Amino acid sequence: MTTVQTDTDTDSKNQTDLERGRDAELKALAEQAGRDLEDASALEILQWAVDAFGKQFCVTSSMEDAVVAHLASRARPGVDVVFLDTGYHFEETIGTRDAVEAVMDVNVITLTPRQTVAEQDAEYGPKLHDRNPDLCCALRKVKPLEAGLTKYSAWATGLRRDESPTRANTPVVGWDEKRRKVKISPIARWTQDDVDAYVTEHGVLTNPLLMDGYASVGCAPCTRRVLEGEDARAGRWAGRAKTECGLHG
Ligand code: SF4
């Protein structure tokens with residue numbers, strides 16, 4: 001397993017004309033693929049991605065489950081699977097990451113923030129997640145991911161349209177303007193039943209917390225079990241207006 005401590009700030013202001021031209025081409029490619037692949041299977045979407053981008057393609061995983069990593073490894077054995085270790089994960093999440101690395105044909109890359117939790121506490125005060133979760137997510141998730149994705153042209157996520165209203169329009173392939181990458185969501189059209197069926201059929205690893213009342217697994221201080229009738233992401237930043245960490249906005 002590779003661990004990369006991230007410290008690079010990406011800066012779109014310094015784009016060259018060549019880079020702007022390349023981005024325009026990638027954006028057009030992504031938008032066309034989004035239309036062409038809307039009815040394709042998840043495996044077909046990922047096959048398109050690995051054919052189009054080769055080693056410049058990766059999967060990101062929160063280690064809630066390994067469904068997209070499993071699908072991608074069928075399309076391209078040894079595919080890079082990027083995991084953000086915020087320093088605040090449940091031990092079950094780290095255990096799932098380690099199990100994925102051990103049993104699946106993937107290359108797990110763990111990204112860590114520039115600062116440890118102790119260093120962040122020293123600079124910003126303890127429990128920044130309680131006082132300013134947007135800043136905490138920016139420091140521990142958004143910036144590390146942006147730095148970690150610089151070597152890729154395309155990344156895949158496990159976003160699904162049925163998870164929450166904010167994800168209802170997720171394209172299967174689209175353009176990530178913030179990171180200037182092609183963003184692939186191969187299971188965007190899936191339901192929870194589709195995920196469960198795939199997990200059962202292929203014996204895919206899942207985070208044990210999913211069997212313990214958690215429907216969506218994030219950092220421990222910002223995740224609680226969901227109540228009956230709540231949507232899958234209701235246990236994330238519960239009691240706050242915040243619904244996303246900024247990785248998908
Ligand atoms: Fe910090 Fe919570 Fe965001 Fe994790 S989810 S980075 S602990 S605010």
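Just so it is clear, glycine is given a Cβ too, placed from its N, Cα and C backbone atoms.
Just so you know, TrEMBL annotations are computer predictions that nobody has curated.
According to TrEMBL, the protein has these features:
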type	residues	note
ACT_SITE	CYS245	active site, nucleophile
BINDING	CYS136, CYS137, CYS219, CYS222	[4Fe-4S] cluster binding site
COMPBIAS	10-21	compositional bias 'Basic and acidic residues'
DOMAIN	62-224	domain 'Phosphoadenosine phosphosulphate reductase'
REGION	1-21	region 'Disordered'
Please determine which of the binding-site residues listed here (CYS136, CYS222) has the lowest count of neighbouring CB atoms within 10 Å.
CYS222
Please report the number of other Cβ atoms within 10 Å of the Cβ of CYS137 ([4Fe-4S] cluster binding site).
23
In this predicted model, what is the average pLDDT of the domain 'Phosphoadenosine phosphosulphate reductase' (62-224)?
96
In chain order, residues whose C-beta lies under 8 angstroms from the C-beta of CYS219 ([4Fe-4S] cluster binding site), counting only those at least six residues away in the same chain, are THR86, TYR88, HIS89, HIS129, ARG140
